[in-house]
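Engineer: The domain 'Fido' annotation in TrEMBL covers 91-283. Marked as active site by TrEMBL: HIS218. The ATP binding site feature in TrEMBL is assigned to ASP222, GLY223, ASN224, GLY225, ARG226, LEU227, THR228, ARG229.
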Amino acid sequence: MAELNKYSTVAVLEKSPDSLGHSISESEKALRLETKYDRQAEASLFIDRKFLSYALITGETNKPEQIFGPEAWADYLDGRLFTRQYGNQYLTPDFILDLHTQLTKRSNPNVSGKIRNIGIVGGSYDNLGQPVTYTKEQVEAIEANPVLAFQREPKDDEGGTTGFIIYPHSDSIGTKTKEAIAKDLNELCEWFNNEKQKETYDPFTVAGLLQHKLISLHPFLDGNGRLTRVLMNWSLENDGEAPSVIDNPGEDILTDEPTWISRITDGSNQYKALKKRQKSLDEADIDNINALFNLGQDKAFYEYIFRYFKQAPSLTTSGDLHTHQVYEEFLAGFKEEMNRFQEYMQITSKVQTADGEREVSQGGLITPEFMDFATSPNTQVLPMELRKQFFSDIEAYRGGMVGEEIDDQKLCQMFQSYVGVGTGYRALDRASRPATSAQQINVQVIRESMDYYNKMFASLYFAKKHPEMENPYANMPNLVRDLDTVVQDHVVGGQDIWNSPFVSTSLKYNVGIGWAKRFSALYAKNARHGVLFKTHLPKEGMVMTFGQNFKGLTATGIPFEYEALVTGGLQPASIVEIEVYDKGNLHQNPGLKAKRVIEDGKVNIVIEDRQGKFVVNRTYTYNPNTPAFVLSGEEETLTLSATPINQPDTYHPVLPSILGSFKKQYISPFGSIEGYPHIFDYTIQSKENLSKFIKQEDYKIIPSFDEISDKLSKSYPFELNPIMSPPNSLISLLNSENNIKKKKLNDNYILSLNEFIIKPKK
């Protein structure tokens, strides 16, 4: 560690004479910058947000903190370390000069610690010697600054906002300039020290004014910005406050003092939020630096879409000579296209609950941090901040059949891992698991489904919004199918259902439990148990649509099921409860009911065993060191197992909201019916007009959404199911010997259907 010479403000840094990389490593260690999260949080205090965002979004460098070059980063670290070692002493001109030396000794040694001896004029960063056009408010802030002047160009343009900033003492050169600036530095230090001696003072006001006054003075030819910000944060930290993140530091002298102080306060709060989020990401085992700055959506949009539009500007390492305009134009174009994508491909709908309406997000891209989180084994204790980011409070239900025996251990595993019965078709296919399996699913196939989902949305965006461009996903070896085709397969049991990245859930408890008790279905003939998952819908990778359970097709179906299609599968951390029903014992209550309970940072699975006469409760507590759930308690109750269990409230989607939002955003990718967009193109024909279409082989015939009686539904010879039934089972039914060959419709099956959907074959 460095130590302070008692006769000087200069710290004697114990540095190894080795490489620059070693020097950086030692300084980072001294500042306790131990992880990449630590380094990027510190970098946010040093680098303009536009440059840092560019580096993180594009991935042009794996060391964003060194975007200005390793020398500049090494100098910055030494400067920060120097102020930490100086501590809460008086501010002096010598300390300021020594700090400037630390901050520039490698990156610009010619000016290190040397007060300028010439006048300077502030103009364009990008076109040296050229004036800048400011806003009216910015010019007013410059002219209100007692040490600055604004020189308009042309000079006779009264009221103009184009010109140069004239810094103090620019009317002289040589010794007079240095002496005048030295005098100003003395006065600044005296003011600061007096403010700090007052019984009460606002740390943000003092630190903000210190930075604002010193940057206005501009005592050096280079490095003034980083010097003033490091001093500002030195002042804040000495007062026990968090340092301040300034997204656009170049606006300091373009902003009036009260507004600037407010930004310093906001920046300190921003840094505290950054560190809090860092802790949450560490706890959730998410190793993705974009997540720290909430740039996950930006990163996903760049990777899947924008990089095909525009090449990122080349990375330079010339310190203050970075071309601001190039990066600003790149990010402006990026944001404009990203907003266009989100307006078109990401919507918010509402569902009606007993407590009122709630919002649910649909579409959009899945962020890298969500993929990391969703496939991490260590997400049992999820910080509230991330839970709110990743999951809504909307509950959905997923019912299914399981061929294996289910015990407590298997139930606990379902809260920890993806299992077949809760996994999407595409992942099941790649994992070679049936949908009736309770076996664990490899998370890599879950991640592949999420990647496929993003490519599917990106491909659709190119096709619908940029048909003039070559679609980068059109000729992929593994064809990315259209979103409308995939969703349609879920609705009608299409032949490509196994290519779908989604798993179906329902917002209705009765629908979910119906699927958990379907032991009579063909695909469930070897099932031992039915299971019902209650889960919170994710805020990423979810699409709502009409379900494929229509009355007349299944006994438990309803005209609109309102499926929620979840990408990959049911994320284990999203699962709230699991009910298990035994084959041959379909009384009202499940044999086992497990519930996740989080108390005092501990995660418990409480299993309610109703297989005996009385209810037995067993509690399993999660041990992160194993990691596994371990039995921690058992209680025999006097509650009879047959005591009825209250059913949960059912969520009801608000039809105009759901369809209206699809109509607004999805009018191109989705067809429409009666003014509401839907997922495939069709026309509606009455039963009387149906015969002419039946004779034509160019059409598929699908029952409309009209309600069909239970009596009629029981007349069907089999139930339609996309897992076990032939893909065109409905068409086969309509084309059966009793129908088409006799050129009429069989009254036993579809007499009560008044309308049909006629879909042209592709």
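Heads up, the Cβ atoms here are built off N, Cα and C, so glycines get one too.
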Engineer: Checking the contact step here: among the binding-site residues ASN224, GLY225, ARG229, which have a Cα within 10 Å of the Cα of HIS218 (active site)?
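Structural biologist: So far as Cα distances go, the binding-site residues lying within 10 Å of HIS218 (active site) are ASN224, GLY225.
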Engineer: Which residues, in sequence order, are found in the same chain with Cβ within 8 Å of the centroid defined by the Cβ atoms of ASP222, GLY223, ASN224, GLY225, ARG226, LEU227, THR228, ARG229 at the ATP site, excluding those residues themselves?
Structural biologist: HIS100, LEU103, ILE215, PHE220, VAL230
Engineer: Counting other CB atoms within 10 A of each CB, which of the binding-site residues GLY223, GLY225 comes out lowest?
Structural biologist: GLY225
Engineer: On average, what pLDDT score does this prediction assign to the domain 'Fido' (91-283)?
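Structural biologist: Averaged over the domain 'Fido' (91-283), per-residue pLDDT gives 93.
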